[in-house]
C-alpha cells in the first residue's frame, strides 16, 4: 500500500470539510465571535483554492496509487505459498470480502453522519467510536477505547509498512552492489539508506512532497512494467512444473501477504470525503468497485506471472529475480527509489495520529517545529531498528498483514455493522449475523495462523543466520 492517497486526500479533506464544519460550528460554540469565525472561514477558503475536491477519475487514480506498493511485488511470493490453483481462488475471495468490508465501513459512517446530523462522514476511527457510542448501552463505555484501538492499529500498520520499505530498499540495493562485486551486509545497506529516508521524512509540509510522490509513482509503474516484461519475454514454464496447492502452514503465510496487499481500508473515508460528488464513491460502478477491481486484476496478474516464471525461487519482491543485466539493475534502483520516496508519505499518516499525543505527553505547546522534527527522527530510527531485526522481506510482509491488516480490513467492519444494525430489543437480523460471523471466523483464523507461522518462520530464519 502506498500512502500518497491518504496523505494527499487528507490535504483535500482538511481543505473542504472544515468549511462545512465551520457552518455548523455556529451552534457548537467552538468559534466564540463572528470575527473569529469569519477569519477561520477565510483561511479555509484560501486553502480550498489550492486543494479542490477530486473528480471521479482523480479519485480512482488515488485509490489505485494507494493500493499499489511493495505488496504488489510480493504477490509472487504469496502465490508460491498458496499454489497456482488455490492462490487465485483465495485472492478473489479475499478481494471480494475486503471490498465488501470497505462498503460496510462507508455505510456505517453514513449512518452515523445522519444520526448525528453532521455534514460529512467521519474517518475510520471516529466511525468505530460513534458506532459503539450509539450502539447497545453495554457497549457505549467502550467507544473511546475502540476508537483509539483503531488509531493504534493504523499507526502500527503504517509504521510496519515503513519497516518493510527499509527492508525492500536494502535487499534490492544489496543485489545491485553484488552485481558489481561489492559484497555488503544487508544491515549495513539499511544504515546507508537511513540518511535519505530520514531527510525526506523531515519534510513536514505536504505541498513540498507533491513532486516527490509523483516521481515515486513514475518509478513504481515503470519498474512494474519492465519486471513483467522480463518475466514474459522468454515465455513461461509449463503449469505442471508448479504446485497447484500447498499445506496449511504455507496457506497461512499466503493469507498474511495477500491481506497486506489488499489493506487499503484506511483510505476509504478520506477518499470519499474529498470527492466533489461523494455519492459516486460507493455506487455499483463507483470509484470503490471499479478501482479495487483494477487493483485486484493487477495483483492476480503479478502473482500468477511471478510464480509461474520463477516458481519456488520467487523472491519476497519480484525485482529480486531479475538477474544481473544493466536494465535489471536499473529496474531495481528505480523501484527502490520509488519506495524510498514513498516512505515519508506513508510515515506521515502515523505521525499525524501520534504527534499530538506525544506533544501533550511532553508538555509542548504550539507548533514546535523542532519538537516535531525530533519526534520524526526518533520514529524513523524505530522503524530502522525493527527492520534491522527482521530483514526477511517476505516473512515481514506476511507478519504485518496477519497482525494488523487483518484487524483493520476484516475485523472492525463486521463488528461495527453488527452494532449499527442492532435495534432496540432486537438484533441485526439472521443474514447480517451469519455473514459477519463468517467474515470474523475467516479473519481470526488468518490472524492467528498467519501470525504464528510468520513468527515461526522468522525464528527459523534467525537460526539459519546464526548457523551461517
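Our numbering is plain: 1 for the first residue shown, then up by one each step along the chain.
From the backbone N, Cα and C atoms, a Cβ is placed for every residue, glycine too.
TrEMBL annotations: computationally assigned, not manually curated.
Database features, via TrEMBL:
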{"type": "REGION", "residues": "1-48", "note": "region 'Disordered'"}
{"type": "COMPBIAS", "residues": "10-19", "note": "compositional bias 'Polar residues'"}
{"type": "COMPBIAS", "residues": "26-36", "note": "compositional bias 'Gly residues'"}
{"type": "DOMAIN", "residues": "54-454", "note": "domain 'Amino acid transporter transmembrane'"}
{"type": "TRANSMEM", "residues": "85-106", "note": "transmembrane segment"}
{"type": "TRANSMEM", "residues": "149-168", "note": "transmembrane segment"}
{"type": "TRANSMEM", "residues": "188-206", "note": "transmembrane segment"}
{"type": "TRANSMEM", "residues": "213-232", "note": "transmembrane segment"}
{"type": "TRANSMEM", "residues": "252-273", "note": "transmembrane segment"}
{"type": "TRANSMEM", "residues": "285-306", "note": "transmembrane segment"}
{"type": "TRANSMEM", "residues": "326-349", "note": "transmembrane segment"}
{"type": "TRANSMEM", "residues": "369-387", "note": "transmembrane segment"}
{"type": "TRANSMEM", "residues": "393-416", "note": "transmembrane segment"}
{"type": "TRANSMEM", "residues": "428-448", "note": "transmembrane segment"}
Highest Cβ pair tally under 8 Å against the transmembrane segment (85-106), stretches 149-168, 188-206, 213-232, 285-306, 326-349, lands on 285-306
Beyond a gap of at least 6 residues from its ends, the CB atoms lying under 8 Å from the transmembrane segment (393-416) belong to 70-71, 74, 77, 97-98, 101-102, 104-105, 108, 124, 127-128, 131-132, 150, 153-154, 156-157, 160-161, 163-164, 167-168, 171, 252-253, 255-263, 265-266, 315-317, 387, 435-437, 439-440, 442-444, 446-447, 449-451, 453-455, 457-458, 461
Top stretch by Cβ pairs under 8 Å to the transmembrane segment (326-349) (candidates 188-206, 213-232, 369-387) is 213-232
Long-range Cβ contacts under 8 Å made by the transmembrane segment (149-168), restricted to residues 6 or more beyond its ends, are 1, 3, 69-70, 73, 124-125, 128-129, 190, 193-194, 197, 263, 266, 317, 336, 339-340, 342-343, 346-347, 349-350, 353-354, 379-380, 382-384, 386-387, 390-393, 396-397, 400, 403-405, 407-408, 412
- prompt: Do at least three C-beta pairs under 8 angstroms join the transmembrane segment (369-387) to the transmembrane segment (213-232), pairs 6 or more apart in sequence?
  reply: no
